[in-house]
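Database features, via TrEMBL:
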- 13-34: transmembrane segment (TRANSMEM)
- 46-66: transmembrane segment (TRANSMEM)
- 78-98: transmembrane segment (TRANSMEM)
- 110-131: transmembrane segment (TRANSMEM)
- 137-162: transmembrane segment (TRANSMEM)
- 183-201: transmembrane segment (TRANSMEM)
- 227-260: transmembrane segment (TRANSMEM)
- 272-291: transmembrane segment (TRANSMEM)
- 297-318: transmembrane segment (TRANSMEM)
Amino acid sequence: MEYILKDKKSKKVIILLLLLDIMLIAAFLLPGLTPKNFHFFMPRRITKILAVIIVSYGIGYSSLIFQTVTNNHILTPSVMGLDSLYLFIQTFIIFVAGSQTLSQMIGYKHFIICVGLMIFAACILFLLLFRGSSKNVYFLILTGMIMGSLFNGMATFMQVLLDPNEFAVLQGRMFASFNNINSNLVGISILIIILVCIISVKDLPYLDVLLLGPENAISLGVDYKKLILKTLIICAVLVSVSTALVGPITFLGILIVNLARHMLGTYSHRSLSFGTTFLGILFLTGGLLVTERIFKFETTMSVIINFIGGIYFLYLMLKERKR
């Protein structure tokens with residue numbers, strides 16, 4: 001009976017979030033449109049909203065399943081060092097070939113290089129992890145954090161040696177931006193997201209069982225090792241696509257996943273995946289409205305999201321400490 005009540009509550013919250021998303025999207029798309037400027041502004045605004053949906057699902061769902069795998073509500077896929085690798089790739093390109101080369105790589109080439117290298121690095125890490133029987137998920141986290149620190153250190157070293165003008169170009173890639181998105185890349189990203197959805201939807205019941213712990217999941221017939229490896233690869237793909245499309249947003253995942261858990265009051269990954277996606281759309285669309293209509297592009301949206309997410313992260317840390 002209690003589960004049924006919680007399920008009804010989660011459905012109501014999801015519907016409410018969806019309605020709020022529709023209202024915010026309409027508030028972003030429609031104001032200021034006239035018959036003369038419609039064909040100029042509307043395609044650009046739609047591209048931004050599509051990117052918001054892609055990033056919301058990519059970061060939200062990857063953070064949700066990563067926390068399930070690690071059995072920790074504070075960790076996110078960023079501990080695997082993929083954000084640091086993205087920053088290192090941008091810095092390395094400018095350091096070796098100059099900012100002009102990076103500026104020219106705005107299409108498929110740059111996207112494929114970033115996504116390919118991030119997925120390749122993650123897969124190498126996972127294969128090394130699962131080759132030995134004594135290694136576990138916590139070994140992955142430790143290795144990912146070390147690799148992330150390594151990439152950050154190398155990127156910082158090269159940034160110090162850069163010309164100030166080239167560093168200014170690099171700085172534009174260090175923060176998430178929805179203003180210069182290639183519409184062709186949005187199409188590829190949507191195809192990748194749909195493919196990941198189809199592959200991962202079968203695993204949602206198994207992820208629910210995984211919340212009982214590895215031993216209980218194995219005793220109930222879950223192929224633990226295969227599920228963990230598959231889930232981590234999906235995490236790597238989603239984070240890589242989202243980061244390569246708009247740039248890194250560090251605290252978005254931890255913010256929307258934990259808020260979704262609190263608001264929905266359920267452990268069902270099916271419900272939580274909808275909740276995290278809709279919350280992500282709510283925060284990102286709201287962030288676009290604030291940065292464009294209120295701050296007039298004087299600040300970036302990632303600064304606002306990371307500020308709110310950072311405060312919430314500190315709240316979670318203090319909350320866990322009191323337990």
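Backbone N, Cα and C atoms are what each Cβ position is placed from, and that goes for glycine too.
Keep in mind it's a predicted model, so treat the numbers as computed, not measured.
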Leading stretch by Cβ pairs under 8 Å, where the reference is the transmembrane segment (227-260) and the options are 13-34, 78-98, 183-201: 78-98
Long-range environment of the transmembrane segment (272-291) - Cβ separation under 8 angstroms, sequence gap at least 6: 10, 13-14, 17-18, 20-21, 24-25, 27-28, 48-49, 52-53, 55-57, 59-61, 63-64, 178, 204, 252, 255-257, 259-261, 263-264, 266, 297, 299-301, 304-305, 308
Region pair the transmembrane segment (137-162) / the transmembrane segment (183-201), three or more CB pairs under 8 Å: no
For the transmembrane segment (297-318), distant same-chain residues with Cβ under 8 A (at least six beyond the ends): 73-74, 175-179, 247-252, 254-255, 258-259, 283-284, 287-288, 290-291
Same-chain residues near the transmembrane segment (110-131), Cβ under 8 Å, at least 6 residues beyond its ends: 80-82, 85-86, 89, 102, 139-140, 143-144, 147, 182, 185, 188, 225, 228-229, 232-233, 235-237, 239-241, 243-245
Winner by Cβ pairs under 8 Å against the transmembrane segment (183-201), considering only 13-34, 46-66, 78-98: 46-66
Residues from the same chain, set at least six apart from the ends of the transmembrane segment (46-66), whose C-beta lies under 8 A from its own: 25, 28-29, 75-77, 176, 178-179, 181, 183, 186, 189-190, 193, 197, 200, 207, 231-232, 234-235, 238-239, 241-242, 245-246, 249, 252-254, 256-257, 260, 269, 272-273, 276-281, 284-285, 288
Tertiary contacts of the transmembrane segment (13-34), as residues 6+ beyond its ends and Cβ separation under 8 Å: 41-42, 45-46, 48-49, 263-264, 271, 274-275, 278-279, 281-282, 285-286, 288-289
